[in-house]
Amino acid sequence: MDFEWMRDFLEGMLKPLAATMVVVMAVLLSYLQKLGLEREMIYSIARAFLQLSIIGFVLQFIFSRENSLWIILAYLFMVSVAGYTAGQRAKHVPRGKYVAGASILAGTAVTMFLLLVLNVFPFTPRYIIPVAGMMVGNAMTVTGVTMKRLRDDIRTQMNLVETALALGATPRQATLQQVKRALVIALSPVLDNAKTVGLISLPGAMTGLIMGGASPLEAIQLQIVVMNMLVGASTVSSIMSTYLCWPSFFTKTFQLETKVFTAE
């Protein structure tokens, strides 16, 4: 009886294992087309399989406890991993991992707080952890792109920025156009996704609810909430990252920190 959950788990994994035949097809196509992606495909799907299996057991444990501490720990773990990943994308930004982590934490925490105050979601693991995961994932992508794009744009237009600084502009004023461009580029995919949601594809949250037996009307209600929170969290995180980047982009005398922009 003690091992009944394990038997149920193994039986449930039969379909995911059968679905790996699709990956086998992709590997064969990569081999025939000489793309050289076979090893990467196998590694990626094996890693995803392992990670999802582990997180499934972790979530099962957390859901059965209904303890606020576990919610907070799971959330901080997600933010830490997301900050590291976004910082890797913007590897030339000094202390990029910390900047990304703080930005993601700020954007998602503010958004989550508003959702709880407005009573959109109850503060339980079953709701908060999946919602936080979606927000953190989107904020991670947007923050990484914002930081990388901002640094690259300033590097490309150093002469214009230095001229503005020489004329008395503050760092904010001197890099205003670069900041705007970085934010627009980073946030455009999120906004485009919101414009086309339901027309081109059904998002994961909505699809999961429908496949789980919920009515389409219930599914779209949740998806509208999800899209709203993704736009909010991504916007706050990306803007916050531009403010946190500045100390490393400029010297104390408001000159460009050239060593940040000379690295390839």
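The backbone N, Cα and C atoms fix where each Cβ goes, and this holds for glycine too.
The transmembrane segment annotation in TrEMBL covers 12-32 (among others). Same-chain neighbours of the transmembrane segment (12-32): 38, 41-42, 45, 49, 53, counting only residues six or more beyond its ends whose CB sits under 8 Å from a CB of the stretch.
Sequence-distant contacts of the transmembrane segment (44-63) (same chain, at least 6 residues past either end, Cβ-Cβ under 8 Å): 13, 16, 20, 23, 70-71, 74, 125-126, 129. What TrEMBL lists as transmembrane segment is 44-63 (among others).
Feature annotation from TrEMBL assigns transmembrane segment to 69-86 (among others).
Annotation comment: TrEMBL describes 98-121 (among others) as transmembrane segment.
Residues of the same chain lying 6 or more positions beyond the ends of the transmembrane segment (127-147) and with a Cβ under 8 Å from any Cβ of it are 59, 62, 71, 74-75, 78-79, 82-83, 85-90, 93, 96, 99-100, 103-104, 107-108, 111-112, 115, 121, 182-183, 185-187, 189-190, 205, 226, 229-230, 233-234, 237-238, 241-242, 245. Annotation source TrEMBL lists transmembrane segment at 127-147 (among others).
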Cβ under 8 Å to the transmembrane segment (69-86), counting only same-chain residues 6 or more beyond its ends: which ones? 58, 62, 96-98, 100-102, 104-105, 108, 123-125, 128-129, 132-133, 136-137, 139-141, 143-144, 147
